[in-house]
Every structure is written in C-alpha cells, then in structure tokens.
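**Student:** Below: one structure in structure tokens.
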Amino acid sequence: MLQLILGQLLNGIIVGSLYGIIALGVTLTFGLTGIVNFALGAFMMLGAYGTWYLYDVAHLPYPLAVVGAVLGVSAVGYVSDMLLFRFTRGNLVNGLLVSIGLISVFEALVLSAFTTTPKDLTYVLPGAFQVAGMFLPKIKLVVCAVFLVIIFGTYLALTRTWLGRAAFAYAQNPEAATLMGIRTERLQTIVVVYSTALAGLGGGLYASMYSIEPTIGTAYILKAVEAAILAGVGSVIGALGGGIILGVSENIGSVFFPSAFRDAYGLVFLIGILLVRPSGLFGDRL
Amino acid sequence: MLDLANLNVSYGKQKVLRDVTLSLQAREVVALIGSNAAGKSTALRTTAGLKKAESGTISFAGKDISALSTVDRVQSGLVLVPEGRQIFPRLSVEENLLMGAYHRADRNHLDGDLERIFAMFVRLKERRNQRAGSMSGGEQQMLAIGRGLMSRPKVMLLDEPTLGLAPIIIEELGSIVRGLAREGLAILLAEQNAMMALGCADRAYILQSGGIVMSGDAKQLSDTPEVKQMYLGT
C-alpha cells in the first residue's frame, strides 16, 4: 500500500510539473495581456506532434526534435500574436473567443494531416531505476527535471534580468511601466510567445511518455488554468506548486476513491483552498 | 525648456483643457494650481504623452514632441511622477528605483545614481530591500520621486505629490523640490495644496475648469486677494 501511494505521489509530481509549465504560461500571459490563453493546450499539442514528426518521421535525435518543435511552436505563437492576440489586449472576452477559435483550427489542421490514430514515439530513453521496490522510469525523471529547471530559470529571469523585472513591473502597474520607458507592446509579444514556447516544450516532453492525439491539449489546459488559480495568478513558483498539488491530489485521490472521478479530486482541493485563501495559495508572491 | 502652447484636450465630449499655454525654464519650479478636476493631471498626462491632445503643441528643449510616444519622451528627459505614486508594490525599494533607469543605455552601472538617491532619501536606504508596497504613503512618494530621478530627467512633472501626506512630510517634500531645482532640474508641480506649491515655486499658473485664469510670480500671486480667498483660505 505504501509503495502504491509513493508511486502515485511520484506520478502526481511528474504530471503536476507538466500542468505547472503550462500554468506558468497561463499566468504570465494573463499578467501581461489580461487574457486567459486557452489555446496554450493546443500549442502543447502542436509541440507534441512537432516532436513526434521530427523524431519518428524525420529521424532527428530526440533533444534536437524537441528544440525544433519548440522553435516551430514559438513561430506559430508569434504569428498568432501578430495576427490575432495583439488585438485582444486587456479584453478577456475577445481573448477567450480568439483562443478557443485557435484550438479548433489547430486541432483540425493536425487531424487532417495526421488522422486521429494516436502516435507513439519509439522509445526515447528506455529503462528505469529501482528504488525501494519501486520502478522509476528514467524518462519521467528527466522530464520532471527539465520542467523544474525551466520553471526556476523563468523565476530567476523574472527577478534578475531587466526584461523579466520589466514584465513583472508591467503586470503590477502597466501605466507606471510605460512611464519608466518600457516598450510595453514588445514586452507583451515576448511574453505571449514565450508562453507558447513553454507549452510547446511541455508537449514535446509529454510525447516521450504518453501517446498523442489531436485532442490531448484540452485536458491539460483546463488543469493548467486550475493550477494557476490554485496558486494565485501571477505567481511563477506558485504555478509549479499549484500544478504539483493538483497532480498529486488527483493521483493519490484515485488510490482511495474511484479513479473515474480523478479530475474531480483536484477541483475539490481547489475549492477548499479558495475558501480559505481567496487569492490563491501563494497569494501575491512571485 | 518645456512649452505648452494652446493645448486643448477632451475626454469624450467633455472638454478638460482649453487653450492652455505655459512655459517652464531650466532650474525653475513652476506650480500648476487648481482645485479637484480643474485639469491639472490631464495637463501633466498630456505632456507626458499618456493622453492625446486635440490641438496645440508641446515642445521640449526646442523640439516639438507632440507626436512622440511616452517612452520616447521619457528617453529624451521628460519624466512624470504620477498622481498616487504608482510605485510597483511587489518590487523592493531598490528594484523600483532601478526600473526608473530601465531605458538608460548605462543601466548596468547605477551604483552612483542609487547612492545619490539614498543620500537624498535616507529612509529609502534603510528600506532598500523591503517591498515597496509595505511602506507608508510619504515613503512611497519619496520612492516615486527617486524612481523618476533615476531616469536622469531634465524636466520632472510632479502630479499632486502631497496627496494624503502629513503636514511634516509635506514640508519635507517642499524642500526636496527646491533642492532638486537648485541642482538643475526643472519641475512642473501640479498641486491642490496651494500653500505648499506657492511656497516652493518660482512662478505659478492657476487653472480653473480647464483654463489658465492667472499666472505670475509665486510670491506676488500668493498676495493677490482672489488667490488668498480661493486657494489659501486666509
């Protein structure tokens, strides 16, 4: 029993860090543009398919395939920002409409190119460590480590670099940021594109562990938004924390309760936390 | 240094500024005095480029800057310290100050600038690692001014700095403004607190429902009966 729980705990952390990296994009985009980009799930799916294509079809080495996919997704993100998101700044409803529209477009495109048949990457990194009677697949550990490094790296960039501090300052007071001489439009584009790149990376690494279909993004974006709210919107470390709490509560929950309702356990947790702390777990901390 | 000529500004159908003309020389403190909603903030915000004028020109250091963006105006040395301070509450005091120098080419060598600000505002030095949002109103106002100075401006637009501050802090603010002008900064000070503004300004303009109704030497203005009655309450 203990082993089962520990195993689920680890699974929860891994899935949670994936929620977290998308939640980070949700939080950053919301902080700088005032919209919730629900299309980030679809960007994640694009990253997954891009990686699959470059690795399994074009036979690039896996890390290179992920980098290629992330660059491709960022390019798509940039074009969508220039053509669409740029016109929805600060307008939650329009942003929602555009992002939901984009989901359909991306899913339809991928569907027509690659059909609904799930794709599986041939083994990227086989093998597992055996610790205290549990099997820890190497690939999952690597994926989790990459997510952690990226999230902490983003935190450092936001607190230590000029661009990052400008982004953080803008999220607190857009007008004052303009008065500091910060070119806010460029800053917004950078953050929107960076968020799509994060989602793309999430998808690229997801593809190494699970099989992919055009609709995988849907569940993840919902979880990511949940994680961002749970953490308190605007918090970077919180996005990771929120993601992990969500992932763990789902996985542990399904040990004791029917696993068909796993999505609900996280929600119950979310409601519980919001009742106690309306501004989220990490409140107004970065 | 700074000239506004026949500036007209509206919010929708509401005309907020009518033919406002004023000038500011180097090393000069000029007060823009008026009651609530007289248009002081609008005048400053339009000068800083946050609000578009319907007609009229704004020239700064001999150049027409009416078409420039706010960022370009900041870069050329015109900085607005906005009403209500507008500091970044979740950044530390020091980080707030650094943001003021964001657009400067030499922004990675700011130790000298920081020391200068800290010498001027000792309490900011004591609190340099504290979150700005946790400070008192007076300290936040000093921070907002310090942050403005970090951009090395030639002209500072100060919007209602005394708002909500204790009398003793207001007095301190007055001497800081004078001190900055002595060091070569030109300051346009929008104030409802006419006592403070006339006390530290060289010249003043009086703004009433969007138009300038009186202007002149600050001392002389504070002796005119209308000003005494309407703005000084004596």
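Start at 1 and count along the chain as shown; that gives each residue its number.
Keep in mind that glycine also has a Cβ here, set from the backbone N, Cα and C atoms.
For reference, TrEMBL lists these features for the protein:
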- A:6-28: transmembrane segment (TRANSMEM)
- A:35-55: transmembrane segment (TRANSMEM)
- A:61-80: transmembrane segment (TRANSMEM)
- A:92-115: transmembrane segment (TRANSMEM)
- A:135-158: transmembrane segment (TRANSMEM)
- A:189-207: transmembrane segment (TRANSMEM)
- A:227-248: transmembrane segment (TRANSMEM)
- A:255-276: transmembrane segment (TRANSMEM)
**Student:** Determine which residues of the chain contact the transmembrane segment (A:61-80) at the Cβ level, with the cut-off under 8 Å and only residues 6 or more beyond its ends counted.
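**Tutor:** Contacts of the transmembrane segment (A:61-80) (Cβ under 8 Å, skipping residues fewer than 6 from its ends): 39, 43, 46-51, 53-55, 102, 121, 124-125, 189, 192-197, 199-201, 203-205, 208.
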**Student:** Which one, A:92-115, A:135-158, A:189-207, A:227-248, has the most C-beta pairs under 8 Å toward the transmembrane segment (A:35-55)?
**Tutor:** A:189-207
**Student:** Any chance the transmembrane segment (A:227-248) and the transmembrane segment (A:92-115) have 3 or more Cβ pairs under 8 A, given the pairs are 6 or more apart in sequence?
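**Tutor:** Contact absent: fewer than 3 Cβ pairs fall under 8 Å.
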**Student:** What parts of the chain pack near the transmembrane segment (A:92-115), using Cβ distances under 8 Å and only residues at least 6 beyond its ends?
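**Tutor:** Those are 33-43, 45-46, 49, 80, 84-85, 214-215, 217-218, in sequence order.
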